[in-house]
Amino acid sequence: MSTHTEHQASQGPEPLDVNDPKLTRFDIVREGARRDDIEIVHYEPQVLPGTKAERRLTRVVAGFFLITGLAATAFLAIYIWWPWQYEAGRGGDKFYTPLLGFTLGVALLAVGFGILTWGKKLLPKEVSIQDRHEGQVDSEGRTITGQTMLYMADELGVKRRPLLGISLLAGLAPVAAVAAAPLVGGLISQPHKNNQMFTTGFAAAEGGQRIRLVREDGRPIRPADISSGGQLTVFPGIDHGVSNRHADSPTLLIHLRDSDAQESRRANEKVGHGDYMWGNYAAFSKICTHAGCPASLYEQQTNRLLCPCHQSQFLITDNARPVFGPASRRLPQLPIEVDSEGFFVAKSDYTETVGPDFWERP
Amino acid sequence: MTSDNDRRRGLLARLRERPAARSRGRRRLGAAVRLIAALMLAGGAYTVFAPGAQAQDNPQLTGAAAEGKALFDVSCVTCHGRNAQGVEGRGPSLIGVGAASVEFQVSSGRMPLARQEAQAHRKPPVFNDEQTRQLAQYIQELGGGPVVPEGDDLREDGNIAAGGELFRINCSQCHAFGGGGGALSSGKFAPSLHPATDRQIYAAMLSGPQNMPVFGDNQLRPEQKADIIAYIQETLKHDQDPGGFNLGRYGPSTEGLAIFLVGIVALVFASLWIAGKS
Amino acid sequence: MKRRKFDLAATPGKAAVGVDDRFAVATPLRKLLNKVFPDHWSFLLGEIALFSFVVLLLTGVFLTFFFEPAMTEVVYDGSYAPLQGTPMSAAYASSLDISFDVRGGLVMRQMHHWAALLFMAAIVVHMLRVFFTGAFRKPRETNWIIGSLLFWVGFLAGFTGYSLPDDGLSGTGLRIASAIMLSIPVIGSWVTSSVFGGEFPGTIIISRFFIAHVLLIPGLLVALISVHLGLVFKQKHTQWPGPGRTNNNVVGERMFPRYALKQGGFFMVVFGVIALMGGLFQINPIWLFGPYEAWVVSAASQPDWYVMFLDGSTRLMPAWEIPIPIGDGYVIPPLFWPTVVLPGILVGLSTMYPFLEARHLKDRKSHNLLERPRDAPARTAVGAMAVSFYIVLTLSGANDVIADKFQISLNAMTWAGRIGLLVVPPLAYYVTYRLCLGLQQHDREVLAHGVETGIIRRMPDGRFVEVHQPLSASNGHADGHGQLDYVGWVVPKKMNRLGALGPAIRGFFYPIEKPVEAPVSPGHPPVEARPEREEIGSGESRR
């Protein structure tokens, strides 16, 4: 291929008369290419007409297209007749999607390789050289366009009549603002409405009634419900308490073992949370203070709480202090006690901000 | 696996030992009462974790428990001490852990421990079902504790939809959505649920092995446990993946690997061929 | 009966004349048909991205017919039994319906997701090709910037799409996204509240993401891709140096018919690979994740691979909180640095790189010839540094999966990532730099002394020497051959690249040509160098 590399593109012979009846079609093609500054320097059929090689390649390409037809037909047949509905535990549809993907994939790959073989093997090889005209700056063109633009500026006369320019700017600036205003104004939303970033569903209702801790099905919780070394996800016992409407409220109620509970109480006292635990029970926000994932991988022997998103680890017996990973703030603790009917209630809302950190948090 | 027969015979024998068959409800009630008692005992046992703790020196053991004691004194005593009171720095006291704990640890091959490391691994069990039952009986009679109900199929009438919801709220954070397990801090891990039997899952929930929190019967009622087991066994294990090969259900990490190893590699080879000189 | 004579064969010609009468397209069309494209496998990587984008549009349109972008709560009653009776958002329920109740919906959903992963992967691989070959240099800086923007816009498209099903995994991702927005100093809470329409998660985010995912972002992508391709067309493709190739020409094939056929075939192959993956490999099994609930999470919660590097940087970030003791006190959370500042720096560095390099090298020339990575050791080493940085972050994004499956301590993985992020990139720089120099050295050695033949000759004094095949004819030097200049292209280093072996026999199952005469036997004297080797020359070196 590389034997034909004489470079003669732009300085080629005079343009041909394309209406000359003596020219072959290829001559015209070549002339067209020349007019686009392209020189076809090498053009060589890969297979000669009528040879064994040509017949063989034709069969290969045709074979690919036939495979496409078969696979596409199979796709349709499977699509229509294969049982596809889900059935629990049986999965009669297990092969439906794979078969669809397989037949479709084979159909497409076969047509692709058919076309590719056609193009790659049956068409003549060629090497063409096109001129880039790199570095030949059309300086005349630049001058003309530049002068035209300057002329237009002169005609407008902004330089002579500055008032026009200033007033245009003054007029257009508010228009731009008008375009942005509905979007910004419509989207913008006050983040501190109802103090929502600093309160959770456990905030006492009006009248000071304390909020019960409930399970995911709404049942309140007795101390006997959680075994020592156990943990339970609890929610505020209010309307929609167990829903994403109170995405900051999910709380982990942990029943610590005696020795751990003692340690935990001592740590509580150090930060002035002496009465936050009830017996051996402590409640911590489940929402990680780092990025808001539910930090809920509780290790009952080490008393570590791991967040699965970024691996922050909190030591429950030390006020849920972060001991590893990117979290910088301890999990807020919910002060709890047991009401007269024997169910857990929140003494008050969280006394620290729940959820991921933000600028005005402290 | 081969010992299914053994186990069934063993269970029959146990049933025959009982004075009279009780109704399911009463049995459950009884179990609950026993459980509460056992839990209190367990709590007590933890407070007296120090070496001074004394279990009854000469308890009246039933036949199975006596056999269990014989096994214990050969295989477990080194770490867990005489009368299962524990050895400081080697193995914890087993007073009050209950038959459930023994069954989980021994039947899944975690005990006897191969070596001290961050966490015990599942291995082929050393003891057969009969021996496991005897060991469990021994520990149970020593200090009480939670017991797994009888039968191999603990997911009867389990509701997979309810089980799925409970699984996602209680289990998936450690064992992952697909039940394949996940990493915990410093080399600890939540194991894959795929090799676990109904009884092992039940026992694990009851006893909270290693760092797993305890899910007592007050927290997850036995029928809720059945729901969870049904979800794990039927949906996570038996339901085939409808979308083809599941890439190990590791989530986006293996999917990302696949797009490079399969997609990009295949297409780069294709482009090598397309642009190659023929 | 008289009938007008109707010549079928002449119809296309007549129609063409008719069209040209009205639109005068003949000459522009000829220019288009004749345009020359260089041929090299690495020039096809960008096409993978383009073609998977087409597949994304096709499958995406299908999905919109069935997806309901609403967060209204419904109780699922579709055919997937393990979720029946579960309250969930309409978006999640309709995604389940696409997977289980729309015939063939699952394969379309999976193809859409695989195509998205492939789109991003191909963009990255294509960017690496462009970077390491220096194709971004003048005059193509604009196209490099557009390409980098395409990565980031594709990133947004991917993230919004990943969030739409509102399943347990994507909801967790959305929660993290909200925390990232919250972490921006001063305006964080306002941004979050405005995007989510109140407190997280609100009730409108899915509808907003939907319109962004199906209209705004694809519109932007289409616009950017059109400009990208238009510029490639206008500026003409770069090419490797080689025989006859100069900075002023393009050597290759005309666009029609062969080049276009290859492109069409390649599109089908890309489509086919996506279809195979969509059917055979399960992706994002949302039915296992359950609906998004703020208290539900799974071990190994990861984003798609192209977001994973940000997750990794977040995991590695030490817990450095910056308190600002003014008034009530303010705080810059540690989350801000790896998720807002780092991507900002990366966008800035990557888009500005062409200008930085040109400034550093004081290079104001236009470059249409590519450089082999070894010939620009500094750039290649910088690229290796960036790649290793990215890989450490991406691996750290999956460090819990790695820790679990290879039984490594999770905390050790985090520390390995932290240290690796600081140590590996400089190491990669140094090693790559030395490798480039070594390869250059070897190229020049071969040019000077010839190719190793594997023939050992014993000299009369008992020494053994290996016979080298010189690449050029003798020019009267002491050692009997001349020295060739290195011109930026592959130097043959094996005898069969010089034609020492006979050409391969063609035909897959049986030969379709008569095999040529037996190849040169090892005992033969070294073959003559092929004369055309002397013509190798890059235009640049000639100028």
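Start at 1 and count along the chain as shown; that gives each residue its number.
Each Cβ is built from the backbone N, Cα and C atoms, and glycine gets one as well.
Here's what TrEMBL has on this protein:
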BINDING   B:Cys76, B:Cys79, B:His80  heme c 1 binding site
BINDING   B:Cys171, B:Cys174, B:His175  heme c 2 binding site
DOMAIN    B:63-236  domain 'Cytochrome c'
TRANSMEM  B:31-49  transmembrane segment
TRANSMEM  B:256-275  transmembrane segment
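Distribution of TrEMBL features across the structure.
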residue	record	contacts (Cβ under 8 Å, 6+ apart)
B:Cys76	heme c 1 binding site	B:Ala84, B:Gly91, B:Met111, B:Pro112, B:Leu135
B:Cys79	heme c 1 binding site	B:Val87, B:Arg90, B:Gly91, B:Pro112, B:Leu113
B:His80	heme c 1 binding site	B:Phe72, B:Gly86, B:Val87, B:Gly91, B:Pro92, B:Ser93, B:Leu94
B:Cys171	heme c 2 binding site	B:Gly179, B:Ile228
B:Cys174	heme c 2 binding site	B:Gly181, B:Gly182, B:Leu184, B:Ala190, B:Met212
B:His175	heme c 2 binding site	B:Gly181, B:Gly182, B:Ala190, B:Pro191, B:Ser192, B:Leu193
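Taken together, the residues of the domain 'Cytochrome c' (B:63-236) have an average pLDDT of 85. Secondary structure from DSSP puts B:Cys76 (heme c 1 binding site) in coil. The subset of binding-site residues B:Cys76, B:Cys79, B:His175 lying near chain A, with Cβ atoms under 8 Å apart, is empty. In sequence order, B:Cys174, B:His175 are the binding-site residues among B:Cys76, B:Cys79, B:His80, B:Cys171, B:Cys174, B:His175 whose C-beta falls under 8 Å from a C-beta of chain C.
If one looks beyond the transmembrane segment (B:256-275) by at least 6 residues along the same chain, the residues whose Cβ comes under 8 Å of a Cβ in the stretch are 247.
Classification of B:Cys171 (heme c 2 binding site) by DSSP places it in coil, neither helical nor stranded. Using the Cβ center of B:Cys76, B:Cys79, B:His80 for heme c 1, the list of other same-chain residues with Cβ within 8 Å runs, in sequence order, B:Phe72, B:Ser75, B:Val77, B:Thr78, B:Gly81, B:Ala84, B:Gly86, B:Val87, B:Arg90, B:Gly91, B:Leu94, B:Met111, B:Pro112.
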